[in-house]
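Asker: Attaching a single structure in structure tokens format; questions to follow.
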Ligand code: CA2
């Protein structure tokens, strides 16, 4: 059987990870984050589709494409976290488990970053643990998409 597919989506400006503002977002590049996710996913028996876009419409289209294709969505919506009801609606319509990840602790930052529209569609939210938040999200997702009888085995 094919491993469950988890789509890992990254929003605007995350392509600058490790290149700009390392004091805020750390030294790992987005390629490093993809490698981390691929390694962790393999150990968990998951497949990943890892993507980044600066476009809100493209992000929404990718979420729509997850339906019937992916078993779960991990998303760092970046700047669209606080602005995009379109993204929220797409995530709600996906009917999939969603884990929202933020590299920084958005609650310790400027007030305008505190409210997330995306959280309304999220099973769980991870913030402030750096890029390891993606690895933690994959571990949590493995539990969420595991068949019920596999769950019983601990
Ligand atoms: O902490 C996070 O992961 C954020 O989602 C990152 C977003 C920010 O708007 C959110 O409030 C919190 C920003 C992503 C931009 O990433 C950059 C990386 C390096 C240099 C500049 C931007």
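Placed from the backbone N, Cα and C atoms, the Cβ positions cover glycine too.
This is the feature table in TrEMBL:
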{"type": "ACT_SITE", "residues": "25", "note": "active site, proton acceptor"}
{"type": "ACT_SITE", "residues": "102", "note": "active site, proton donor"}
{"type": "BINDING", "residues": "76, 89, 103, 104, 113", "note": "substrate binding site"}
{"type": "SITE", "residues": "20", "note": "site 'Transition state stabilizer'"}
Asker: Under 6 Å from ligand 1 by Cβ, which recorded positions from 20, 76, 89, 102, 104, 113?
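Answerer: List returned for ligand 1: 20, 76, 102, 104, 113.
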Asker: Around residue 102 (active site, proton donor), which of the listed recorded positions (20, 76, 89, 113) come within 10 Å, judging by Cα atoms?
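Answerer: Checking each Cα against residue 102 (active site, proton donor), the hits are 76.
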Asker: Please report how many Å separate the Cα atom of residue 76 (substrate binding site) from that of residue 25 (active site, proton acceptor), as a whole number.
Answerer: 13
Asker: If I take the alpha carbons of residue 20 (site 'Transition state stabilizer') and residue 103 (substrate binding site), what is the distance between them in whole Å?
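Answerer: Rounded to the nearest whole number, the Cα-Cα distance is 14 Å.
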Asker: Under DSSP, is residue 20 (site 'Transition state stabilizer') helix, strand or coil?
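Answerer: DSSP assigns residue 20 (site 'Transition state stabilizer') to coil.
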Asker: Find, for the listed binding-site residues 76, 104, the residue with the lowest Cβ contact count at a 10 Å cut-off, counting only other Cβ atoms.
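Answerer: Across 76, 104, these binding-site residues, the one with fewest Cβ atoms within 10 Å is 104.
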Asker: How far apart, in angstrom, are the most distant Cα atoms among the substrate-binding residues 76, 89, 103, 104, 113?
Answerer: 24
Asker: Determine, to the nearest whole angstrom, how far the Cα atom of residue 89 (substrate binding site) is from the Cα atom of residue 25 (active site, proton acceptor).
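Answerer: Checking the Cα atoms of residue 89 (substrate binding site) and residue 25 (active site, proton acceptor) gives a distance of 28 Å.
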Asker: Among 20, 25, 102, 113, all listed as recorded positions, which has the most CB atoms within 10 Å of its CB?
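Answerer: Result of the Cβ crowding comparison: 102.
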Asker: If one looks at the chain holding residue 103 (substrate binding site), which residues at least 6 apart in sequence have a CB under 8 angstroms from its CB?
Answerer: 17, 25, 26, 76, 129, 130, 131, 133
Asker: In the three-state scheme derived from DSSP, which category covers residue 89 (substrate binding site)?
Answerer: helix
